[in-house]
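Student: Questions regarding the structure given below will be posed in turn.
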Amino acid sequence: MIIVTGGAGMIGSNIIKALNERGITDILVVDHLKNGRKFKNLVDLQIADYMDRDDFLAQIMAGDDFGFIDAIFHEGACSATTEWDGKYVMLNNYEYSKELLHYCLDREIPFLYASSAATYGETDTFIEEPQYEGALNVYGYSKQQFDNYVRRLWLDAKQHDETLSQITGFRYFNVYGPREQHKGSMASVAFHLNNQMNAGENPKLFAGSENFKRDFVYVGDVAAVNLWFLDHGVSGIFNCGTGKAESFNEVAKAVIAFHGRGEVETIPFPDHLKGAYQEFTEADLTKLRAAGCDVQFKSVAEGVAEYMALINRK
């Protein structure tokens, strides 16, 4: 059995889709469906069972036996970069993750988890090393601290000449693609621009967006990276992006190209994002490629075109 926490979320459900495409259906989905709209991400997927996050965590902490587990993909988290309740974020993203990690280590279960490019903050160097990290928000800090916790475990194991079972963290950059419709304001720029176009409006970008560049990575490619590491059992913390920053304008151009009409309008940059907003991200893929991962990433033009075709099907 494979367990996917956050399995009703965007990345988790796309990992399940990729597993299903391999014929794997013995999957336990763990999630928190207070946002009931997320159920739509599971409707077309084949799974063995569903469990509420709180019930699952209680059983993990009690050391309950789930039978043989091939791997756990830990995608469940509070992923809102605008959430400033630090106690809530640290409990969900840090404390819960530690409990699940130690459950896996005790049983030698491969543990593949979601980190984030939000760990880097305002920098132009995105290498998976502590000197380049400095989160701008509580979400990024929670992910940074869990990465550091994992690093300490690796260091301690090395000092005691021990070998730990697989632990693999993925620093997701700006992920976009199918199964994100439940995310509200946290959905991708491509999603929001498409909605604006379908409402008969022009696509709207923040003032200065021509200078904002992000590493936009298609969710299907993210799922492929996860499965590559499942197959190869490589431990480490790895960037998961295309390695090429592209502007928000490029996203808008791709959406406009699909719809065949429209032009970009600018709106004022919101005050609540000032000082907590990454203006530039670009994954350094040196470590990912050195591990042997050969997944090829779609450009914005390629990925957005595929995405638009999927979400605009009649």
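Note that Cβ sites are derived from N, Cα and C of the backbone, with glycine treated the same way.
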Student: From Tyr113, Tyr132, Tyr139, Tyr277, grab the residue that Swiss-Prot records in the same substrate site as Asn174, Ser185, His192, Phe206, Ala207, Gly208, Ser209, Arg214.
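Tutor: Of Tyr113, Tyr132, Tyr139, Tyr277, Tyr277 joins Asn174, Ser185, His192, Phe206, Ala207, Gly208, Ser209, Arg214 in the substrate site that Swiss-Prot records.
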Student: Taking the Cβ of Tyr277 (substrate binding site) as reference, which residues of that chain separated by at least 6 in sequence fall under 8 Å from it?
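Tutor: The answer is Leu136.
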Student: Taking the Cβ of Glu75 (NADP(+) binding site) as reference, which residues of that chain separated by at least 6 in sequence fall under 8 Å from it?
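Tutor: The list for Glu75 (NADP(+) binding site) reads Val4, Thr5, Gly6, Gly7, Gly9, Ile11, Gly12, Ile15, Tyr113, Ala114, given in order along the sequence.
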Student: Relative to the Cβ of Asp31 (NADP(+) binding site), which residues of the same chain, six or more apart in sequence, are found under 8 Å away?
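Tutor: Thr5, Gly6, Gly7, Ala8, Gly9, Gly12, Lys38, Tyr50, Asp52, Arg53, Gly76 - these are the non-local Cβ neighbours of Asp31 (NADP(+) binding site), listed in sequence order.
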